[in-house]
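Enquirer: Take a look at the following structure, please.
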Amino acid sequence: MSLAFCGNENNSLAYNVDRGVLNNGCFLDALNVVPHIFLLFITFPILFIGWGSQSSKVHIHHSTWLHFPGHNLRWLLTFILLFVLVCEIAEGIVSDGFTQSHHLHLYMPAGLAFMAGITSIIYYHNIETSNFPKLLLALLFYWVLAFLMKTIKFAKYTEHSVGLRQLRYCITGLLALLYGLLLAVEINVILGRRYLCFTEATEVKPPEDLQDLGVRFLQPFVNLLSKATYWWMNTFITAAHRRPIDLKVIGKLPIAMRALTNYLKLRKAFESQRRPLGSMPQGPKWIWRALRQAFGRPLIISITFRFLADLLGFAGPLCISGIVHHISKDNRTIQPPIKLLGVYFISSQEFLANAYVLAVLLFFALILQRTFLQASYYVAIETGINLRGAIQTKIYNKIMRLCTSNMSMGELTVGQICNLVAIDTNQLMWFFFLCPNLWAMPVQIIVGVILLYYLLGISALIGATVIAVLAPVQYFVATKLSQAQKSTLEYSSERLKKTNELLRGIKLLKLYAWEHIFCHSVEETRGKELTSLQTFALYTSISIFMNAAIPIAAVLTTFVVHVHISEEADLSPAVAFASLSLFHILVTPLFLLSSVVRSTVKALVSAQKLSEFFSSDEIGDEQEPNATMPTGPSNHKTIPSCPRNHNNKYQAVPLKVVNRKRHPRDDWNNYSHEGGNPPPQEGDQDLCIRITSGYFTWTDGTPTLSNINIKVPFGKLTMIVGQVGCGKSSLLLAALGEMQRVSGTVTWNIPTSDKDAADDGDIEKRGSVAYASQKPWLLNATLVENITFEMPMIKPRYKAVIEACSLQPDIDILPQGDQTEIGERGIILSGGQRQRIGVARALYQQTNVVLLDDPFSALDIHLSDHLMQEGICKLLREEKRTVVLVTHKLQYLPHADWIIAMKDGTIQTEGTLKDIQNSDPKLFEQWKTLMHRQDGEFEKETVAESMTVLERKNLRRAMYSKEAAKTEEEHEEESVESEEDDSLSQAMRHRTTIPWRSCGVYLSSAGLLLPLLLLSQLFKHTLMVAIDYWLAHWTSHVITAKMDATGRNCTVAQECGFSHSWYLSVFSVLCCLGIVLCLVTSVAVEWTGLRVAKELHHNLLSKIILAPMRLFETTPLGNILNRFSSDTNTIDQHIPATLECLSRSTLLCVSALGVISYVTPVFLIALVPLAIACYFIQKYFRVASRDLQQLEDSTQLPLLSHFSETVEGLTTIRAFRYESRFRQRLLEYTDANNIASLFLTAANRWLEVRMEYVGACVVLIAAVASISNSLYNHLSTGLVGLGLTYALMVSNYLNWMVRNLADMEVQLGSVKRINGLLKTEPENYEGLMAASQVPDGWPRQGEIQIQNLSVRYDTTLKPVLKQVNAHISPGQKVGICGRTGSGKSSFSLAFFRMVDMFEGRIIIDDIDIAKLPLQTLRSRFSIILQDPILFSGTIRFNLDPEMKATDDMLWEALEIAQLKPVVKTLTGGLDAMVTEGGENFSQGQRQLFCLARAFARKSSILIMDEATASIDMATESILQKVVMTAFADRTVVTIAHRVHTILNADLVIVMKRGIILEYDRPQALLEKEDSVFAAFVKADK
């Protein structure tokens, strides 16, 4: 068949031009080729020459700067134009199919037009991004020409009475309209940019974001095509393969998405709701209104996209129905088309009846639907993320203004506020994500049911009812699920608390051989947790089962009813498979329903919580009238406080109240005044703070502080003293404006930095005050940052402060010196170290006023003296700073310039020490005796080893071999960072592979359940395919029966012996089996998950509890705890669901591809390139997705800890006036977290769009192949329907498969980490003797022989004891002393085999301890450690967890430890509760409890390891006597840090560097002049 432009039939009609050229149809088409040829010829050279060189590019992301007006409209119109042109090509080909020769003119012009359309948009894009508007002239000419040609053609058609019945007429009209609109857009660009016909062109500047190269998130700035397909993400995602994604790579957020921008938007929405009187409306309603106002618009866009996507989704079933229907027509004769103007025309019905046309339309519908769906998701999620940022910022600003009393009175806890941030803002965000579903679901359901009714009649409604009836059941299951999750969470947190205690006290537990008791208690809680996990698993499996079984049940009931209702039931493949697809569409919104409803309920609760939080009390924001001092200079500050008491009690106070008559004082001359009342003006000049008749309270009850009248002189040292709990700290906070003031005034006299704001009596304007709180507050930052606290680093000043607080030795111990991270996530410091850092911060700041709240409480005497002399008296005095010091150390009173004595919330007296001596001699005497006692303590303290040295030692011990054992995570990091190419590439390769080994570990823990799981999954999917295959077989037979019936002239098929019943019964059996298997698989998956969770946790716990001490000293506690918290949680709850989803979507895809290949084997050829595409997409995506997910998690941590940090340090931040700096930091953290979330979202959309497009290609190829196969090879129509239905499924499940694969990979990380810990070698618990062979009361005498003993902590480390020999007789009291690190503690640990004894042996009562089982050995000795450890539980449990001792024995032990009176007063006595870590007892009492614990154990050998470190002198001396008497007949080994405690021992051992220096009676050693022991004792005096 030859080709010719106008066809070459014999009649020359095609070339007939008798009635004028323009009346020839073929010529009209030829004319239309001209503009397209013109465009292609003009633009190709320009595009190819590459003219980036001479364009005026600005230094921006130039490829994304879109600045021509009408930009998006042009892209939209071009897309529509291309679609219409495709239709024109198709129409030409179809109408050409009816003639003998090919008429090129029917589709060639349209083909050229298609090429020209694509060229035009590429050309335009290049011109726009390189900013060269003059070249748009070519396009202007093109649009004019094309518009003219199409209009001529359209006019001629109308003239020749071609009407709307002919499809080509409509297409031509549409094209003329589109070209006209594009021409209008082009003219608009000229008018906007004035590059033609105007003297000067308009200047345009790129937006700020694009000038900033740090902004890498380009979604808002790229063109429509790139927006829809996330094309701009390509480079980003492929780059992730070469280097890991971090915050540097993802850059900054665009301005419109920053938390600040969104917060201002939200605040404006809140402000607009203020009532006329200015009060804020209450309740959650106004939160919703504000959210709607601020973020409503994008949501509406998202909902619109969602509607469009859902409606396009119904194209699938309809096209399947059309295609199968078209194929199954037995005679394929169609009326010949009409011939006008010498050309053929067809109507739109004929066009749409063509199966190939439907296949192409289906392809376009799928692509559009997926694009709209992803756009809808993206917009909703972006809005949700913006909203989260805004609300978090609003919460933070509220925290900054919260009343401290709310916090201290427990109305709001740190935990609650962190929950608001971590949970409630996320709930609102999720609600916004799911919001479009709320609106789209009803539409989807209604349209679906209507279509089903149209296909199947009344029986469809019955099927839909089955689905509808089961929906409430699903909701019920969903609510049960969330309840189960809640109870699981409660048990988990209880288990974690116990695990935490166990790990913190692991050393003690091992020494006392109690680890199994605690392990058992953790296991018990885990058992409860597993029971509730079982419920969780049960409901999850029901939910999975229903999701799989509902569609089967619905299809089954529908078809059964359909066949039974009507004899003439039309059950053709077209109907059957279209309704099958529709049921699949219908089920989706019903699955989502439960989660959407749940999310909505949670969001309502969260809004309620937020509204309560936003309406809690604030500090001095809304001011009441202030009482500024009536006289005095202008820079007085009067501080308003929490505005709870609205009756105005702050009238100005007459001055006589302030300067009360006082006893004549001699020290006023200090202040350059003669006696008597000073002139008010000057007196005030010299006062820094004055409180006049102040009444302050924390709650609404009675005032905590009453009738306060104090002055704090300027530039002097003021001390506040008084008993515990008399309100000293409260006084400082009242002065800072943190308490609620009932009446009176607080006046500050510090010049602020901004002079103009001087006479607002506003708390905001009081200058910065350096404040060190009683409970030190540290940031999660390096030690330097904690001290400089946002101030510039001044080296000499920093050195001086470090020296004054004696922090240098501590800094030397830390692994990275002063660059070490401290705080929650860093190194754990002791109380004294934390306190000194807090004080150092206050000293370093250059503020005029320094408030120190009991800075000596956790310091020993040397440190406090040093701090007092160097820090307070020297540093601060020299700088003439006003210092207010709260203290209990009365010996420092002589240093004070001014003393304020408090008693029971009032001022007892104030003045200089001399004044008080004169005015209140009784008080002065009382102080004097106390001062002497404290000085006496000072004399007794030793230089050898003070408490601080001890703290440092603990720290050093914790650090002692950080180098030797890097944790596995650090190892991984290092391998990624190392610079050599091969190791880097290896690390990268490692990042791209899936952790199959962890997967193996996970599955192998399942044991026998594994084969069941695999078999049931395979069976289920085989059955699913069988059900659908049987349906195809049955419906094909219905059609052949019908054809037979027409052949034999039966009126109905039944008469010719065709019966549905046999097919129906097989179908029903298969469906019921399928439903049963669904149940089996869902239960199998969940049980496997539970079994593995149980196994892994049990193994982990038993491994950890038996691990050597070395593990705990070298692995940060947080790391081990994380294995028990987040990793265990992942294994418990997330992996089973992901595994189920992954296996289901993978098997569905495989079975679908199998079915399609079975129906049309040709498909396998096309499958190869598609499979390769999929492989690369998922490979790149997985790496990027994992990095982004980790980034999102890791950016969330600092954000949450910043919140908790701020809440804890609120008073400090406000005293320093650092609110704005902290707000700034919050914005940085929020933006970092949000940009990670946005990139993660964009990456997910990137994947889904690509996978959906691959899916659409699968559908197109499958459709075309099966249509051809059916038309030429007589493939049965049922199988065509089957193939198409499955092809549609592939596109749904492909991206699920990849997403689940990526999730699985992240979650298997948990298994990998836990498996890492499972590989630790346990201690050797077995001895050579069995436990039964050890004599019962061993050791009776307590004789110890140490022979040639060498000890090291690990095989890789140097020995800490070298060939030590000693002999201790029964009942001897031995003291061991030596400097830090001399091996004293290692000596005591050797008795318990806690360290590696690689040489020599210890023989106790004739038994070598190396032969004993560890458990037996450790249970026979007692030891008292230097850090007291108590567990939560009763006192009885703390003293004797094994429940062996009687009450009398316990009371006796308490009496020995001087604790009997304390415990007697507690409610419950021995059964009184101890809180976590023993927080409800003081440090000293805790140490005494540890002594009692050792006494209660009645063992004949007692080891005391620096046990009296935190006990005051008096108690210690009593204890020494008691130990001597109560343990007269037992062997006691004391490791001493105060040498005088071992002066009356029977034997003293002095150690140095792991060897014994001296070994003799203390008297003998003291007589020797040159003995080290004597030197120690001298230093101690």
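Cβ atoms here come from the backbone N, Cα and C positions, even for glycine.
Okay, these came from TrEMBL:
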type     : residues  : note
COMPBIAS : 625-645   : compositional bias 'Polar residues'
COMPBIAS : 970-983   : compositional bias 'Acidic residues'
DOMAIN   : 714-913   : domain 'AAA+ ATPase'
DOMAIN   : 1370-1562 : domain 'AAA+ ATPase'
REGION   : 620-645   : region 'Disordered'
REGION   : 663-684   : region 'Disordered'
REGION   : 961-984   : region 'Disordered'
TRANSMEM : 33-52     : transmembrane segment
TRANSMEM : 73-94     : transmembrane segment
TRANSMEM : 106-124   : transmembrane segment
TRANSMEM : 166-185   : transmembrane segment
TRANSMEM : 299-324   : transmembrane segment
TRANSMEM : 344-368   : transmembrane segment
TRANSMEM : 430-454   : transmembrane segment
TRANSMEM : 460-478   : transmembrane segment
TRANSMEM : 571-593   : transmembrane segment
TRANSMEM : 994-1015  : transmembrane segment
TRANSMEM : 1021-1041 : transmembrane segment
TRANSMEM : 1062-1085 : transmembrane segment
Enquirer: Mind checking which residues of the chain, 6+ beyond the ends of the transmembrane segment (73-94), have their Cβ under 8 Å from one of its Cβ atoms?
Expert: 103, 106-107, 110-111, 113-114, 117-118, 120-121, 124, 167-168, 171, 174-175, 178-179, 181-182, 185, 223-225, 346, 350-351, 354, 357, 360, 364
Enquirer: Among 33-52, 166-185, 344-368, 460-478, 1021-1041, which stretch has the most Cβ pairs under 8 Å to the transmembrane segment (571-593)?
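Expert: Per the Cβ count, the answer is 1021-1041.
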Enquirer: Where among 33-52, 344-368, 460-478, 994-1015, 1062-1085 do we find the most Cβ pairs under 8 Å to the transmembrane segment (430-454)?
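Expert: The stretch I would name here is 460-478.
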Enquirer: What average pLDDT is reported by the model for the domain 'AAA+ ATPase' (1370-1562)?
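Expert: Average per-residue pLDDT within the domain 'AAA+ ATPase' (1370-1562): 80.
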Enquirer: Would you say the transmembrane segment (1062-1085) and the transmembrane segment (994-1015) are in contact under the rule of three or more C-beta pairs closer than 8 Å, pairs 6 or more apart in sequence?
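Expert: Yes, the stretches contact each other.
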Enquirer: Give me the stretch from 33-52, 166-185, 344-368, 1062-1085 with the greatest number of Cβ pairs under 8 Å to the transmembrane segment (299-324).
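Expert: Most contacts with the transmembrane segment (299-324): 344-368.
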Enquirer: In the same chain, who gets a Cβ under 8 Å from the transmembrane segment (344-368) while lying at least 6 residues past its ends?
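Expert: Those are 83, 86, 90-91, 94-96, 98-99, 103, 106, 162, 165-170, 308, 312, 315-316, 319-320, 322-323, 326-327, 334-335, 337-338, 1252-1253, 1255-1257, 1259-1260, 1263-1264, 1267, 1271, 1291, in sequence order.
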